[in-house]
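Features of the protein shown, as given by TrEMBL:
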type	residues	note
DOMAIN	91-777	domain 'Myosin motor'
BINDING	GLY184, GLU185, SER186, GLY187, ALA188, GLY189, LYS190, THR191	ATP binding site
REGION	651-673	region 'Actin-binding'
COMPBIAS	893-908	compositional bias 'Acidic residues'
COILED	923-950	coiled coil
COILED	974-1001	coiled coil
DOMAIN	1002-1123	domain 'PX'
Amino acid sequence: MAEDAVVLPSGMLDNGAMVWVPHDHHVWKKAVVMQRVNDGTSAQVRLQPNDDGEWEPDDGVEKVVNIRDIARLAGEVSDEAMPICNVFEAEGANDMCTLNHLHEPAVLKNLELRFAKKMPYTYTGAICIAVNPYQWLDLYGRELYEQYLDQPRDSLAPHPFALSATSYLDMKRTQVDQSILVSGESGAGKTETVKIMMNHLASISGGGNHGTKVIDQVLQSNPLLESFGNAKTKRNDNSSRFGKFAQLQFDNMGLLVGCLCETYLLEKSRVVGQTEGERNYHIFYQIFCLPEDRKKELKLSGDVTSYKYVTEGADAELTGIDDVQCLKETQNALDTIGISTEEQNAIFEIVAAILNLGEVEFAPNANDSEKSHVSNEHIVDNVGALLCTKSEALYSTLLERSITAGSESYTIPLNAEQASDLRDALAKGMYTQLFDWLVHRINKAICSTSNAKTHIGLLDIFGFESFDQNGFEQLCINYANEKLQQKFNSDVFKDVQQEYVDEGIPLTLVTFEDNQPILDLIEGRMGIVGMLNEEVLRPQATDNTFVSKVLDACSDHPSIEKNRINPLEFTIHHYAGDVTYNGTGFLEKNKDTLPTDMVQLLSGSKNNVISGIFTSTQTSKRNSRGKKGKEVRQKGFLVGNTIAGAFRKQLSELMLTINKTSSQYVRCIKPNANKSAVEFDRLMIVEQLRCAGVIAAIRISRAAFPNRLQLVEFQQRFQIICPSALRDAEPCDMVAGLLKELIPDIATTMQNTKFAVGTTKVYFSSGLLQRLEDRRNVILKDHAILLQKTLRGYVHRKRFLRQCTAVVQIQAITRGGLQATRYRTLRAGVIKLQSLARGRKQRYLFALLVKRVRKERELAQERLRKIAQQEAMERMRQKEMEEREHSDPQPEPVEDDWSDEEEEEEMMEGSAGPVSPRTLRALTEAASKVAEAESAARDAKSAAEAALELNHELISQNDRLRSTLSSNVAEYADAELLRENERLKQQVVQLQTKLVRSQEVSLISAKVVDSRITYREGRQFVEYKLQIETNTRGTLYVWHRYSTFRNLAATLQTKNGYKRKEIPELPNKQLFGNFSEKIIQDRVAKLNQFLEAATNAEYLQWGIRVDQDTCVYKRRVKSASRDSISSANMHSSSPRSSSRLSMKSFSFRRGSTVGN
């Protein structure tokens, strides 16, 4: 919520009232009245924080302010008033006159709120205040044209369309001429506002084919005049450097039939020089965008920086202005207006001649410094060639000046400085005449002389100006604004008069101050303009004599004041504030003359177009006439005339025209100097509001009764403070009764100087409504305290009961939580103890089993070792026996004692008889070894059988132990894991079932065979028909958009990075409705190229979905067992193959049209 303000006389100022006080930074700042001091003429206030909540160092500071000074500064009617703060709507008020209390702080706050909400337009009664948003808002669509034409003004948001529509409807209904007066400082948006309303009027008042042509010509006149009359300034990149009054002409039916343009005060000095950061007129930069051969014909070499008259602004940055595009628009406007090619060539030749003229340099003669010569004569030749004049005559014109006295003529040579001044004067005069000729040609083309019956005038004129240094230009501009302000005050006063008449209030209660004395000071018979014109004609006159003459003649005038320090300065008390003017250069700037020989030289050009432009003696009449057929003389060089005199005459004619119309007003406001769309410079805006006369209009509208309320609203608002006898009374009786009770000595008649009751509203003098508000606030405060007390008690009781209930619930929840935590802890501990006990037992049993198995294994190994030893021993015995058998010695023959017969006999005897002891011993040992070997073999066999039985037993025990461990694991497994296991098993079964049910269709080939244009949600799309050859389903057809193929290509390139270059790319380019046959055929060719490569590539795998369970797949040739769906085990419990397939294959998105 924001704050507004009302006024209250100091005698009624109560402590605690919220008021506005002046502030250095915020202009106006809220403060609370602490007490009245100095016999009530001052008040002690305490500054309050801003609405945005940001704290500032001076918040809370107390100071004493003068009530009368604040009242005057705020624009109050009474000097005994202060602005008081009230609540405002978040978006402000559409019409600030609907506010109960209105003055400067209220206006400023309301505009700030609406600017923050991107609402640039606000009404103040009949005035439309337009704050430049510095961005193009969506507020000017053609759908709004008819809305503002058909619907009441108050039912729609404030807009310039409302003013143009009102003017158009009033013109058609009453057949009375209308006017819309737009003013504001440079950069406030005057020109754009005029163009917005002109476009609106041209659109709602068509006239068939001829009307369309007229509309085009009228609208094309704007960019043409902007090229020759607009320039970049420090405040505005496209600033109009002239005033314009465009009269849109309509016939009896309200159809647009023509337009008549009048221009005022073109800034000629800009042609020959600009300040830093500014540019010359746009046309001087556009001409350098012509083709090189054309520039060569125009004697233009180099770029903008090569020419003196435009080099100052060559580097000036422009926002949103392209000289190349603007040149095309200028040439198009010239064609639309009907200016021939020959005339266009002459226009550019004059512009080029001015640029070349600026390069002419002068130097003093060596033998006579009072004479001079041209340093670069070839430049003069170029100027003469462009203007089709003799170079010798041009030399003479630039270096000498002819003076005629009676029948004799004298030639006076010029020094270098004088020649330079004359050169610049010639350049300014040539451009001014060219501009006036263009306006004349525009009027000749689009002005209607027979069908025009009524008109709507759109005035785009400079606003009130007050700078540190003010000169002749500011005096002329402020003079024009004083004239317009007089008309403005008169119209506002008439509106107030009409309102009072409608409400039945005597008009004797309403008065306002007129600014006619200031106008008399400027334009009167002995005014500033008259004395300036007289001084121009006096040979010995100077700026000092002019200022002295003005101050002497007007010494008794209350609106002018002499500067006691600088004799060349004087101050005029304008309606918008005091402006101090410096008289330096007034006489020179007021002259609008050129030497006769120079005028004759230009008018004698061999080029008929150029000579026609510069003919000073002609009095050719425009084809356009006013409503009464008044002829308008074409402007030329005003030889022997003055700027101020001509401007006074133009202004008088303008006011004569406007006074015959019904006028509406637009005041354009510049929010900041940085061209920001969010910055709101309060000080700058307040100055503009004062200069625009908005505060003065408020003072007039609220002169007698500053505050007003609807009767119904008054009854509803103040019923709370009425006695019971008045609550059901009529509003008039309620007002009188309340005021009688509030102020016993007040008159009780319905109309008096304190208040007045109308048919629908009640009007209050300054401070009276606030007395009622104070009484109402006191009662509301008492009732509010009672309600707050009761409500706080109720709230705290409810809060206490809720807290008690919450405490019980919290305790229950806490106890339950503690018990649940304790239970979970105990349960977890028991489970852990059980697991530890079972684990310990199983580990013990397992250790015993391991020990037993190890022991049996050791015994078996010992037995095997023994058997092996026995077998080894047996083998050794056998070997020994074999060795013994082979190594048993024969009896050695003894020749002396034995013979062969004896030996044989002895052996025979031995076999029959007793054996020798040696033999018997050998036989015994052999028998024992055999017996031992047999015993060892039997033992080895038994040990082997026992070892086999032990091995089988160990295997059985191992299987039993394994099953025991498995059962233990299964017994103590977590139930959640078991459920998850079951769920996963079910999913596996489902996936297996789905794989079994699916039928794979293999892709053989794919290509695009057709295309079509479809519409979806109001937009056009191109779809392509895809023909698919399959192994089992035959030929299928699918419709897809281009983006689907592009997504497939991007996916394949992403998944095959090392071979992405082999995959053709599909360009990412939007058609935006450009569905030509050639473009579609090119796309079809690129799609088929991509599909062929994607189908033939062995390493690619992708698919096209046919229905919910079936797809057409293109499989990899390599690694098919891994990627192909046919290799998946349909009955396997693992879904890995199917999931891998779904992740690695690509399919077109669903929603495509599929058909056999």
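The count begins at 1 with the first shown residue.
The backbone N, Cα and C atoms fix where each Cβ goes, and this holds for glycine too.
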**Item:** Long-range Cβ environment of GLY184 (ATP binding site), under 8 Å and at least 6 residues apart
**Value:** ALA130, LYS190, GLY463, ARG667, CYS668, ILE669, LYS670, GLN688, ALA692
**Folded-back contacts onto the region 'Actin-binding' (651-673), same chain, C-beta under 8 angstroms, at least six residues removed** = 111, 115, 126-134, 160, 163, 166-167, 170, 174, 176-190, 193, 235, 245, 247, 262, 264, 457, 459, 463, 479-480, 483-484, 487-488, 491, 626, 679-681, 684-685, 688-689, 692-694
**Message:** Give me the count of other Cβ atoms within 10 A of the Cβ belonging to ALA188 (ATP binding site).
**Reply:** 24
**Asked** In the predicted model, what is the mean pLDDT computed over the domain 'Myosin motor' (91-777)?
**Response** 84
**Fill in**
Students should find that the Cβ of GLY189 (ATP binding site) has, within 10 Å, a number of other Cβ atoms equal to 22
**Complete:** Given the ATP site GLY184, GLU185, SER186, GLY187, ALA188, GLY189, LYS190, THR191, its other Cβ neighbours within 8 Å of the Cβ centroid, in chain order, are ASN132, ASN236, SER239, GLY463, CYS668, LYS670
**Cβ atoms near SER186 (ATP binding site) (within 10 Å, other residues, all chains)** = 17
**Sequence-distant neighbours of GLY187 (ATP binding site) in its chain (C-beta under 8 A, six or more apart)** = ASN132, THR233, ARG235, ASN236, SER239, LYS670, LYS675
**Asked** Can you count helix, strand and coil residues in the region 'Actin-binding' (651-673) using DSSP?
**Response** 9 helix, 8 strand, 6 coil
**Prompt:** Per residue, counting other C-beta atoms within 10 angstroms of the C-beta, which of the binding-site residues GLU185, LYS190, THR191 reaches the highest number?
**Reply:** LYS190
**Item:** For LYS190 (ATP binding site): DSSP state (helix, strand, coil)
**Value:** helix
**Asked** What does DSSP say about GLU185 (ATP binding site): helix, strand or coil?
**Response** coil
